[in-house]
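According to Swiss-Prot, the disulfide bond annotation covers C96-C188, on the basis of sequence analysis. Residues annotated as N-linked glycosylation site in Swiss-Prot, with sequence analysis given as evidence: N5, N164, N189. Swiss-Prot lists 1-24, 75-98, 160-196, 258-270 with the feature topological domain 'Extracellular', giving sequence analysis as the kind of evidence. As annotated by Swiss-Prot, topological domain 'Cytoplasmic' applies to 46-53, 120-138, 217-236, 292-310. For 25-45, 54-74, 99-119, 139-159, 197-216, 237-257, 271-291, the entry in Swiss-Prot reads transmembrane segment.
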Amino acid sequence: MAAKNSSVTEFILEGLTHQPGLRIPLFFLFLGFYTVTVVGNLGLITLIGLNSHLHTPMYFFLFNLSLIDFCFSTTITPKMLMSFVSRKNIISFTGCMTQLFFFCFFVVSESFILSAMAYDRYVAICNPLLYTVTMSCQVCLLLLLGAYGMGFAGAMAHTGSIMNLTFCADNLVNHFMCDILPLLELSCNSSYMNELVVFIVVAVDVGMPIVTVFISYALILSSILHNSSTEGRSKAFSTCSSHIIVVSLFFGSGAFMYLKPLSILPLEQGKVSSLFYTIIVPVLNPLIYSLRNKDVKVALRRTLGRKIFS
């Protein structure tokens, strides 16, 4: 399959580095990241599924965040690892569009899941008496469907705009994956309208969750400052700060990559920026949201205890 009015049937992914001496060390480094991502997120999914006391709105969203991170990483990392060990990392046009679609779907869905999690924490801390009513099963399901719906819409918009481009002789993608901006650069017709579509869709898909997340955490911190003891403040600040760091990495690197004109941001810098939301954040999420979480630690001990004594 080729693009509309295009002679290109496959692409070559350039990868992360041109230096042969770095390929093997980087292969093992990112293989390690991928292993931690898979084990951490699948472990968290299993724990939440097996322990009924974790069947609450917070862990409902965390379950889906871990599922997205696992799928997201699996969409990107295996093909990226191939670029370190093969001379020419070829991907078919269909394979490239499929990777692009799922990349967009998971990254947009994660944006809205993170905003739903921030809203859940806001209600739990600032309006605890209304929590069970505000975060009912129906509301949680609607928020989840909204997140996946926005992910699907964003993926269709981006993939559709790329498939309508014309690709000529050049098929070398200056990236370790099929991403929007490197593919726009390969187009041999004007990509102005496509860049405009990217900017508008990303502004919505990043802007709405960012506003929700940071307003929620600002209200949480304000409530903590006014109502908590010194010890409670310290614990809450520690938890909120770690969450905000991960969220800032995810949204900040995405905004840095996509909310600038193609001519301003060199793609070499874009590749490095992409590492944060494609590799680093899926590794950090299960660590931040589980190892610092008392309920998850208790669930882990109970689960391991049942396995040992069964």
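Including glycine, each Cβ sits where the backbone N, Cα and C put it.
Keep in mind it's a predicted model, so treat the numbers as computed, not measured.
Packing against the transmembrane segment (237-257) from elsewhere in the chain are residues 107, 110-111, 114, 118, 181, 202, 206, 209-210, 213, 217, 220-221, 224, 265, 270, 273-277, 280-281, 284-285, 288-289, 292: each is 6 or more residues past its ends and has a CB under 8 Å from a CB in it. As a quick check, the transmembrane segment (271-291) and the transmembrane segment (25-45) clear the bar of 3 or more Cβ pairs under 8 A, pairs 6 or more apart, so the two touch.
Shown in sequence order, L165, T166 are the residues of the chain, 6+ apart in sequence, with a C-beta less than 8 angstroms from the C-beta of N189 (N-linked glycosylation site).
With a cut-off of 8 Å between Cβ atoms, the residues of this chain six or more beyond the transmembrane segment (139-159) that come close are 57, 60-61, 64, 97, 100-102, 104-109, 111-113, 116, 119, 180, 197-198, 201, 205. Fewest other C-beta atoms within 10 Å: among the disulfide-bonded residues C96, C188, that description fits C188.
Beyond the transmembrane segment (197-216), the same-chain residues lying 6 or more positions past its ends with a Cβ under 8 Å from any Cβ of the stretch are 108, 111-112, 114-115, 118-119, 121-122, 150, 154, 157-158, 161, 180-181, 184, 247, 251, 254-255, 258-259. Secondary structure counts, DSSP: the topological domain 'Cytoplasmic' (46-53) has 7 helix, 0 strand, 1 coil.
Broken down by DSSP into helix, strand and coil, the topological domain 'Cytoplasmic' (120-138) contains 16 helix, 0 strand, 3 coil. Separation of the C-alpha atoms of C96 (disulfide bond) and N164 (N-linked glycosylation site): 14 Å, rounded to the nearest whole number. Secondary structure counts, DSSP: the topological domain 'Extracellular' (160-196) has 16 helix, 4 strand, 17 coil.
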